[in-house]
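For reference, the structure I am asking about is given below.
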Amino acid sequence: MADVAGPSRPSAAAFWSRDFSDEEQSVVYVPGISAEGNVRSRHKLMSPKADVKLKTSRVTDASISMESLKGTGDSVDEQNSCRGEIKSASLKDLCLEDKRRIANLIKELARVSEEKEVTEERLKAEQESFEKKIRQLEEQNELIIKEREALQLQYRECQELLSLYQKYLSEQQEKLTMSLSELGAARMQEQQVSSRKSTLQCSSVELDGSYLSIARPQTYYQTKQRPKSAVQDSASESLIAFRNNSLKPVTLHHPKDDLDKIPSETTTCNCESPGRKPAVPTEKMPQEELHMKECPHLKPTPSQCCGHRLAADRVHDSHPTNMTPQHPKTHPESCSYCRLSWASLVHGGGALQPIETLKKQISEDRKQQLMLQKMELEIEKERLQHLLAQQETKLLLKQQQLHQSRLDYNCLLKSNCDGWLLGTSSSIKKHQDPPNSGENRKERKTVGFHSHMKDDAQWSCQKKDTCRPQRGTVTGVRKDASTSPMPTGSLKDFVTTASPSLQHTTSRYETSLLDLVQSLSPNSAPKPQRYPSREAGAWNHGTFRLSPLKSTRKKMGMHRTPEELEENQILEDIFFI
């Protein structure tokens, strides 16, 4: 090993020494450099040109040891220098190729470390994203489980509802089959009844339908022929069909002791106007016998034999109205219409027996007919409301036209009055003397005042009679004040002529409404009504009294069955419509 003398020994020269430690030390292995061609001896690498660096500490140690051990000899000096040289080897001793290889290796290591960091970061991000996705999938799985449970619950509920609906359908089907069987039985019974009608016709002479509380459908309300619309024709047809299948209670006013003896259902009102003939009975006999079978509890009354309705004013034929055989003088021995004796009529009602099935069937038919009648009335109500709206619009237009014509007439009247005043004043000045001028002025003023009063009275009458404005009467009443001044009595006459026309139209309207209501409500409580007569005079309103009607209503409420109460409820609905 080469040793370099320090500054303490300037005379010392470099020398080579061989130590046993050189053989013991192994060859240095550097990756990428240690190959067969790259292995060199240590002696070649050691050049005497001083590429070797010595540290200051080593040099000082070597100098101290040299100073302390001067007498020991060269052997110790060589050993110390060789040890320092072995420890001071560096990379500068390598060749350029080795240095390049080492630099490339360092760059590769740096790049690999950077890639490692990038891949680690990427793996961490991917791991986090995967964890998020896993959490989302778990949440979705939980939601799916909950939805599945809810759907299972709904499925169970739907199954329960389906089972209930199937039960309901089965019950309805059973009810339908039962109703069909009942209808078939009812039809068979109707056929049997129709076959029995022929056998009962022989006894129908003794048992007239008027003996019961059944009004004749074709003569119950016979109105005079009036112009009717198609709606009224259909309503009248439905009313006739309805009357054929229902009992018609009619109010009759009796003394109080007679009302206590007789059921309210059997009372009839039979009145006759003096100048009117009775109508011919046209009711069919088997239908009345059928009603007699249905209603055996109704006690027959003699007055019902003659209960034949009359004409349009609701003025009726009046036979005596005593109910019991205690008054034989007030009624003839036989009825002039049905030609039957009272004995046969009194004793013939107990022969018929009640038929429960026919009662039920007829009550059902009545209910159906009442419901149909109610529907028809609702339709008619809508139509009438529509027509009423149209009539109201027409009435408003007519009122506007009338108001305009009144304004025009007032203007014309004022102009005529002004012209007449001027003409009369000039004529008076010409034909009369000057001393009478004051009196003429007074007369002019009074005449003008009377003319204005007459015009105002005429317009007030026209306001009252808006339904039928009479322009001819107004122009006829207005006269020339100069020739014939109108007295105050003419104003009263004009007002009275206008008011009865209004009363007549309103009474006609109320009478038609009351007749319609009474025809639609056969089982409803009878109400006091007035029947004005055009030919025989006014009807006596005092004949109908409320006190016996209240007692009859109480009796009717006590003897009614649930079926009759239900019919009355439907009839009240129809009456309300």
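Using N, Cα and C of the backbone, Cβ positions are placed for all residues, glycine too.
These numbers come from a predicted model, not from an experiment.
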Which range, 226-246, 499-519, 520-540, does Swiss-Prot list as region 'Disordered'?
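Range annotated as region 'Disordered' by Swiss-Prot: 520-540.
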Could you let me know which of Ser204, Ser336, Ser425, Ser490 shows up in Swiss-Prot as phosphoserine?
Ser490
For the feature phosphoserine in Swiss-Prot, which residue out of Ser26, Ser63, Ser113, Ser179 does the record point to?
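My reading of Swiss-Prot gives Ser179.
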Just counting, how many other CB atoms are there within 10 A of the CB of Ser179 (phosphoserine)?
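Here the count is 10.
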